[in-house]
Amino acid sequence: MKDTLRFSPESGCLAVVGELTIYQAKAAAEGLRSAFASGQLRHVDLAAVTELDAAGLQWLLVAARLTVNDGEPVTLTNHSEPVCDALALAGIEVSS
Amino acid sequence: MTTMATALQTFLDESRELLSDMELLLLAMESRSGEPELQNALFRCVHTIKGSAGMFGLDHVVDFTHVVENVLDRLRAGEIALSRDLANLLLRCRDHISLLVEVPEPSEAAALQPGGVVLLAGLEPFHSCAGSSHAQTDSTEPVAAEASRKCRIDIRIHADALRHGMDPLGFIRFLGTLGDVAAVRTLEEKLPVLGDMDPETCYLDFEIDLVTSADRIAIENIFELASDLYQIEVQDQCPVTEVDPVAAPLPAQPDTDESVESAAPGAEEQADTSQQNRRRKQVQHFRIQADKLDNLINLVGELVISSAAVSLGAEQSGDTPARESAANLNLLVEAIRDSSLDLRMVPIGETFQRFQRVVRDVASELGKDIELVVTGADTELDKTVVEKIGDPLTHLVRNACDHGVEAPAARSQKGKPTRGRVHLNAYHESGSIIIEVSDDGGGLSRERILAKAMERELVRPDAVLTDQDVFNLIFEPGFSTVEQVTNLSGRGVGMDVVRRNIESLRGTVELVSPGVLGGTTFRIRLPLTLAIIDGFMARVGDATYVVPLEMVVECTELSAEQQLGAEQHYINLRQEVLPLIRLRAHFKLSGELRKRQNIIVVRHGGQKAGLIVDELLGENQTVIKPLGGIFSNLRGLSGSTILGNGQVALILDVPTLIQQVARQEDAANRGFQSHARPRLSAS
Amino acid sequence: MGKSILIVDDSASIRQVVSLTLKSAGFDVIEACDGQDALNKLTGQRVHLMISDVNMPNMDGLTFLREVKARAEYKFTPVIMLTTESAEDKKMQGQAGGAKAWMVKPFQPEQMLVAVNKLVGP
């Protein structure tokens, strides 16, 4: 299986590719932890997310709470349609 | 393409199979009732029928099977035991279920109700409380409409919900079908920080405002499927008179799977092929409708005829490549013919198994103890033959129980075990299937048969008969040796009907005594198929006749000095006296006698005869077509076929022809005719 | 391509009805006649939902559930177990632990479609 997460430390961008569901939850959590630990994480790119379930939703919510550089929040960007749908179902507004 | 109609047909086929299993299991359990395997299998039969019937809304089947299932459930739980009475009752319930299943319309099931009520009353002592079989289906009843109002739904989710694949988002999406989701609040109080998070645990709960006219039960029912994982609380809030049209439904979900596939197309493909590989290893069966198969066989029949026409044309054209192609085509058509006919071959075992019940019922009616032994159940024959052999076989099996196996007292007197045996056996022998029905009874009494035959004036007192001749007398119309006509065999159906039925299948039946088990053995010989045969063609006058090749022993052209006089009825062929059948005379054909005549020596059931024809034409594949009305009275013909050149040829019914000669001869032997003739030569 | 659903039941007619219902709603359906057959047919392809009878010959539903859940690719796949009100089935339901989706036979095809829609969406 391909990696769900691609992190480029130069841009600080963590890209999520493909499904973000219970099946990828463990790997996605690991990836988020190591990206965060590197200190380079700035934003999460959701453009290539094809499916999101409640496990993926939890992951997004946890990621959005992270702060770097003395309180600057990690931002979620480029929400794909499946991401928007899942957020709408959960009653969560997308702040752009 | 599967439709509900074909699914219903599958249900019928499946139920019939299960019911026949059920019968066998019940019979087997009479001696091995304690075996859990059997108990479970028995339960599953009824269980499956009930489950499937419910899917089709066949309530009359569900209601009845529900009670039977309950009894079988208690049986396998060891709460009740299988007494002989209960076994009898369950067998009758089985019969009733098979009636119920066959009812095409639930409304017509009412006629069967009285029978069902009696059986259910009989089951009363054996089943526990008759709980409603509709507990589940009730919930599909339309929900009583309530006024449209806003509900607050609290959803508390078990930590393991995600691990079980029970995604809350799916349930929330589904709530949208009950009304308008006015608001959703995701409660993330339990959600830990990244470091403490187990990503597979569910930390979320939800609160939803739903504008709906559905009642609370309907809303709670949505989560019933995962009631162990979801705790639901529904609170009615202010009623709304008008649903806000602006609260737009949620956007339709885009087809995410397409992109999933394009993300990893290679992997998907790989999975597909390995799946196919694995599939190939298993022997797979699938059902097809019988009439589709019959249609195929008919088409193959036409193909065989067309192919013969092509061969004929190629032959006449003298064109070598065309002849080679035609020869190739012929080989392929033959292969297709054989494979197609093979499709229709079924093991006889299923037919044999039916007789377990027959023997059991007959034996208990007669106060005898009889065991049915079945061998050769795997022997295959054409489905159409199987369907038609049931009645004659039933008669022979009943006969074996009734007249063959002696009463227990008589058996112990002879020092035999009181339990008698009836044996059904089948095997293939040179293009035919042989079915034997044997019993271990006393065998036939030559004297009693002969005395009876004389009393009935079937033979003259001074006739000289072999044992075989005497035994064959029981196939004569109106023959019965048992003075006291029992309620089983005295049904006006005699052995002559059995013989006629079997002969109509181009088969024969003979009687051997002492037989395989010491008593009598009825041996039925049947063709493997009724559709297409290899034939041998001959011409008489302008007409072409076909003799089934398997019955042809040899063909001889008579030399000048062998030519026959018109009154000659026998010929000495290599020291063997052969009765002759003049087809020209038999079918009253006009035309000059040829100078040179030919003889086709045919054999059937141990007897031989010579057919006199004008010209031998050689072998062909013969597709048997039924005879039209005008021919049906003609004795000696079994069917017609169409030749490659489009002409119709008639298929000779060799058994009938031979019997005709044999009968003339028998009559002569019994002394009804004045001039003696030599006996039929036995092969 | 629709979402993929596995139906495991020893009754061909139940399989056909469920399969027909689901296919008409746009799902892909894999049919298997018992637990072993189902395991053979699951070769790593994505399956969104499994529906399995409890009481089957060869391999019963609970054994199948145990075996299939041991495979990483199906660990989180939702499973609907088909059951009846018989005592034996209830016992098995108890053994299976609480956290499963259960459906009681007989059910109407529409009920099944509803359940499927809840778990995997339309």
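The backbone N, Cα and C atoms fix where each Cβ goes, glycine too.
Unlike curated records, TrEMBL annotations are generated automatically.
The feature domain 'Response regulatory' is assigned by TrEMBL to C:4-120. Annotation source TrEMBL lists 4-aspartylphosphate at C:Asp53.
Under the three-state DSSP scheme, C:Asp53 (4-aspartylphosphate) falls in the strand class.
Confidence for the domain 'Response regulatory' (C:4-120), expressed as mean pLDDT, is 83.
Sequence-distant neighbours of the residue listed as '4-aspartylphosphate' (same chain, six or more apart, CB under 8 Å from its CB) are C:Val8, C:Asp9, C:Asp10, C:Ser11, C:Ile14, C:Gly61, C:Met81, C:Leu82, C:Lys105, listed in sequence order.
The helix, strand and coil residue counts that DSSP assigns across the domain 'Response regulatory' (C:4-120) are 53 helix, 24 strand, 40 coil.
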